[in-house]
Amino acid sequence: MKIFLDTANLEEIKKGVEWGIVDGVTTNPTLISKEGAEFKQRVKEICDLVKGPVSAEVVSLDYEGMVREARELAQLSEYVVIKIPMTPDGIRAVKTLSAEGIKTNVTLVFSPAQAILAAKAGATYVSPFIGRMDDLSNDGMRMLGEIVEIYDNYGFETEIIAASIRHPMHVVEAALMGVDIVTMPFAVLEKLFKHPMTDLGIERFMNDWKKYLENLKK
(Lines of atoms letter the chains of each structure in order from A and count residues from 1; the text may use other names and numbers.)
(Lines give C-alpha, C1' and ligand atoms only; values in the text may rest on other atoms or scores of the structure.)
Protein backbone atom coordinates (compact mmCIF):
# COMPACT_ATOMS: atom_id res chain seq x y z
CA MET A 1 0.00 0.00 0.00
CA LYS A 2 1.24 3.47 -0.89
CA ILE A 3 0.91 6.45 1.42
CA PHE A 4 0.11 9.90 0.05
CA LEU A 5 -0.07 13.11 2.08
CA ASP A 6 -3.17 15.26 1.61
CA THR A 7 -1.59 18.67 2.06
CA ALA A 8 0.00 21.64 0.33
CA ASN A 9 2.28 22.46 3.27
CA LEU A 10 5.92 22.12 2.25
CA GLU A 11 7.22 21.49 5.77
CA GLU A 12 4.79 18.61 6.27
CA ILE A 13 5.80 17.11 2.94
CA LYS A 14 9.51 17.49 3.76
CA LYS A 15 9.05 15.61 7.03
CA GLY A 16 7.12 12.80 5.37
CA VAL A 17 9.77 12.46 2.67
CA GLU A 18 12.57 12.47 5.28
CA TRP A 19 10.82 9.63 7.12
CA GLY A 20 10.92 7.69 3.85
CA ILE A 21 7.26 6.66 3.93
CA VAL A 22 5.52 9.15 1.64
CA ASP A 23 4.97 8.07 -1.96
CA GLY A 24 2.95 11.00 -3.28
CA VAL A 25 0.79 14.03 -2.48
CA THR A 26 -2.80 15.07 -3.12
CA THR A 27 -3.80 18.72 -3.11
CA ASN A 28 -6.84 20.80 -3.92
CA PRO A 29 -7.55 24.53 -4.31
CA THR A 30 -8.66 24.78 -0.66
CA LEU A 31 -5.42 23.31 0.70
CA ILE A 32 -3.26 25.54 -1.48
CA SER A 33 -5.27 28.67 -0.66
CA LYS A 34 -4.73 27.98 3.06
CA GLU A 35 -0.99 28.18 2.45
CA GLY A 36 -1.30 31.55 0.71
CA ALA A 37 0.75 30.20 -2.18
CA GLU A 38 0.52 30.76 -5.92
CA PHE A 39 -1.14 27.64 -7.30
CA LYS A 40 1.18 26.52 -10.09
CA GLN A 41 4.33 27.49 -8.22
CA ARG A 42 3.28 25.47 -5.19
CA VAL A 43 2.49 22.43 -7.35
CA LYS A 44 5.99 22.63 -8.86
CA GLU A 45 7.56 22.95 -5.41
CA ILE A 46 5.70 19.88 -4.18
CA CYS A 47 6.76 17.88 -7.23
CA ASP A 48 10.40 18.82 -6.59
CA LEU A 49 10.11 17.54 -3.03
CA VAL A 50 8.21 14.29 -3.34
CA LYS A 51 9.36 12.89 -6.71
CA GLY A 52 6.10 10.95 -6.95
CA PRO A 53 2.48 11.47 -8.05
CA VAL A 54 1.15 14.92 -7.13
CA SER A 55 -2.56 15.48 -7.70
CA ALA A 56 -3.47 19.04 -8.73
CA GLU A 57 -7.14 19.88 -9.22
CA VAL A 58 -8.75 21.81 -12.06
CA VAL A 59 -11.22 24.55 -11.15
CA SER A 60 -13.22 24.61 -14.38
CA LEU A 61 -16.45 22.63 -14.42
CA ASP A 62 -16.99 22.44 -18.19
CA TYR A 63 -15.31 19.89 -20.45
CA GLU A 64 -13.30 22.36 -22.52
CA GLY A 65 -12.07 24.24 -19.47
CA MET A 66 -11.03 21.07 -17.65
CA VAL A 67 -9.07 19.77 -20.62
CA ARG A 68 -7.38 23.13 -21.18
CA GLU A 69 -6.37 23.44 -17.51
CA ALA A 70 -5.23 19.83 -17.38
CA ARG A 71 -2.92 20.24 -20.35
CA GLU A 72 -1.37 23.33 -18.76
CA LEU A 73 -0.89 21.65 -15.38
CA ALA A 74 0.60 18.54 -16.97
CA GLN A 75 3.40 20.71 -18.37
CA LEU A 76 4.56 21.65 -14.86
CA SER A 77 6.12 18.28 -14.05
CA GLU A 78 6.13 14.65 -15.07
CA TYR A 79 4.75 13.90 -11.60
CA VAL A 80 1.55 15.94 -11.96
CA VAL A 81 -1.74 14.04 -11.86
CA ILE A 82 -4.88 15.95 -12.79
CA LYS A 83 -7.74 15.84 -10.29
CA ILE A 84 -11.08 15.89 -12.07
CA PRO A 85 -14.49 16.06 -10.34
CA MET A 86 -16.97 13.21 -10.78
CA THR A 87 -19.38 14.83 -13.26
CA PRO A 88 -20.44 13.97 -16.82
CA ASP A 89 -18.09 16.63 -18.20
CA GLY A 90 -15.40 15.42 -15.83
CA ILE A 91 -15.63 11.84 -17.03
CA ARG A 92 -15.57 13.03 -20.64
CA ALA A 93 -12.43 15.03 -19.86
CA VAL A 94 -10.83 11.99 -18.21
CA LYS A 95 -11.45 9.95 -21.36
CA THR A 96 -9.79 12.60 -23.51
CA LEU A 97 -6.84 13.15 -21.19
CA SER A 98 -6.23 9.43 -20.72
CA ALA A 99 -5.99 9.05 -24.50
CA GLU A 100 -3.32 11.77 -24.47
CA GLY A 101 -1.31 10.00 -21.78
CA ILE A 102 -2.14 12.55 -19.08
CA LYS A 103 -2.66 10.95 -15.67
CA THR A 104 -5.96 11.65 -13.93
CA ASN A 105 -7.49 11.27 -10.48
CA VAL A 106 -11.30 11.31 -10.33
CA THR A 107 -12.24 13.01 -7.08
CA LEU A 108 -15.41 13.51 -5.01
CA VAL A 109 -16.47 9.90 -5.47
CA PHE A 110 -19.17 8.73 -3.07
CA SER A 111 -20.51 5.53 -4.62
CA PRO A 112 -19.36 2.33 -6.34
CA ALA A 113 -21.38 3.37 -9.40
CA GLN A 114 -19.30 6.53 -9.75
CA ALA A 115 -16.11 4.52 -9.30
CA ILE A 116 -17.15 2.23 -12.16
CA LEU A 117 -17.54 5.22 -14.48
CA ALA A 118 -14.10 6.53 -13.50
CA ALA A 119 -12.48 3.20 -14.34
CA LYS A 120 -14.38 2.90 -17.62
CA ALA A 121 -13.12 6.34 -18.65
CA GLY A 122 -9.54 5.22 -18.04
CA ALA A 123 -8.75 7.22 -14.90
CA THR A 124 -5.32 6.56 -13.42
CA TYR A 125 -6.74 6.93 -9.91
CA VAL A 126 -10.14 7.17 -8.25
CA SER A 127 -10.66 8.85 -4.88
CA PRO A 128 -13.64 7.65 -2.80
CA PHE A 129 -14.21 9.95 0.20
CA ILE A 130 -14.49 7.84 3.34
CA GLY A 131 -14.79 10.40 6.12
CA ARG A 132 -17.35 12.52 4.33
CA MET A 133 -19.51 9.45 3.78
CA ASP A 134 -19.29 8.71 7.49
CA ASP A 135 -20.42 12.29 8.17
CA LEU A 136 -23.63 11.52 6.28
CA SER A 137 -24.28 8.55 8.60
CA ASN A 138 -23.29 6.19 5.81
CA ASP A 139 -20.61 3.52 5.99
CA GLY A 140 -17.65 4.91 4.11
CA MET A 141 -15.58 1.76 4.59
CA ARG A 142 -18.37 -0.41 3.19
CA MET A 143 -18.43 1.76 0.07
CA LEU A 144 -14.66 1.42 -0.22
CA GLY A 145 -14.82 -2.35 0.14
CA GLU A 146 -17.45 -2.60 -2.59
CA ILE A 147 -15.27 -0.56 -4.95
CA VAL A 148 -12.28 -2.81 -4.24
CA GLU A 149 -14.39 -5.91 -4.96
CA ILE A 150 -15.80 -4.50 -8.20
CA TYR A 151 -12.38 -3.46 -9.47
CA ASP A 152 -11.00 -6.90 -8.63
CA ASN A 153 -13.91 -8.59 -10.42
CA TYR A 154 -13.17 -6.81 -13.69
CA GLY A 155 -9.44 -6.24 -13.47
CA PHE A 156 -9.73 -2.47 -13.76
CA GLU A 157 -6.30 -0.84 -13.87
CA THR A 158 -7.47 2.32 -12.08
CA GLU A 159 -5.82 2.53 -8.66
CA ILE A 160 -7.99 3.28 -5.63
CA ILE A 161 -6.98 6.16 -3.37
CA ALA A 162 -8.84 6.05 -0.06
CA ALA A 163 -9.44 9.75 0.66
CA SER A 164 -11.02 11.87 3.39
CA ILE A 165 -9.16 9.84 6.00
CA ARG A 166 -9.92 10.97 9.55
CA HIS A 167 -8.04 8.58 11.85
CA PRO A 168 -5.59 5.63 11.90
CA MET A 169 -8.36 3.01 11.88
CA HIS A 170 -9.45 4.26 8.47
CA VAL A 171 -5.91 3.55 7.29
CA VAL A 172 -5.81 0.06 8.81
CA GLU A 173 -9.25 -0.90 7.49
CA ALA A 174 -8.34 0.33 4.01
CA ALA A 175 -5.13 -1.71 4.12
CA LEU A 176 -7.04 -4.84 5.15
CA MET A 177 -9.23 -4.38 2.07
CA GLY A 178 -6.21 -4.20 -0.19
CA VAL A 179 -6.62 -0.57 -1.23
CA ASP A 180 -3.78 0.64 -3.45
CA ILE A 181 -3.23 4.01 -1.79
CA VAL A 182 -4.34 5.95 1.27
CA THR A 183 -4.03 9.74 1.27
CA MET A 184 -4.17 11.40 4.65
CA PRO A 185 -3.54 14.68 6.47
CA PHE A 186 -0.16 15.01 8.15
CA ALA A 187 -1.82 14.84 11.58
CA VAL A 188 -3.17 11.36 10.80
CA LEU A 189 0.23 10.22 9.51
CA GLU A 190 1.80 11.31 12.80
CA LYS A 191 -0.80 9.33 14.75
CA LEU A 192 0.22 6.13 12.92
CA PHE A 193 3.48 6.23 14.89
CA LYS A 194 1.73 6.42 18.25
CA HIS A 195 0.80 3.70 20.72
CA PRO A 196 0.78 4.08 24.53
CA MET A 197 2.70 0.83 25.00
CA THR A 198 5.46 2.10 22.74
CA ASP A 199 5.79 5.27 24.82
CA LEU A 200 5.84 3.26 28.05
CA GLY A 201 8.41 0.89 26.64
CA ILE A 202 10.74 3.71 25.60
CA GLU A 203 10.37 5.35 29.01
CA ARG A 204 11.21 2.08 30.73
CA PHE A 205 14.25 1.41 28.55
CA MET A 206 15.58 4.91 29.16
CA ASN A 207 15.10 4.63 32.93
CA ASP A 208 16.87 1.27 32.97
CA TRP A 209 19.73 2.69 30.92
CA LYS A 210 20.03 5.66 33.28
CA LYS A 211 20.27 3.30 36.26
CA TYR A 212 22.88 1.23 34.44
CA LEU A 213 25.07 4.30 33.85
CA GLU A 214 24.69 5.38 37.48
CA ASN A 215 25.79 1.93 38.68
CA LEU A 216 28.90 2.12 36.52
CA LYS A 217 29.96 5.27 38.37
CA LYS A 218 29.82 3.56 41.79
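Just so you know, the numbers here start at 1 and follow the chain as drawn.
Using the three backbone atoms N, Cα and C, a Cβ is placed for every residue, glycine included.
Per Swiss-Prot, the feature active site, schiff-base intermediate with substrate maps to Lys83. In the three-state DSSP scheme, Lys83 (active site, schiff-base intermediate with substrate) falls into the strand class. The C-beta environment of Lys83 (active site, schiff-base intermediate with substrate), restricted to residues of the same chain at least 6 apart in sequence and closer than 8 Å, consists of Thr26, Thr27, Asn28, Ser55, Ala56, Glu57, Val58, Thr104, Asn105, Val106, Thr107, Ser127.
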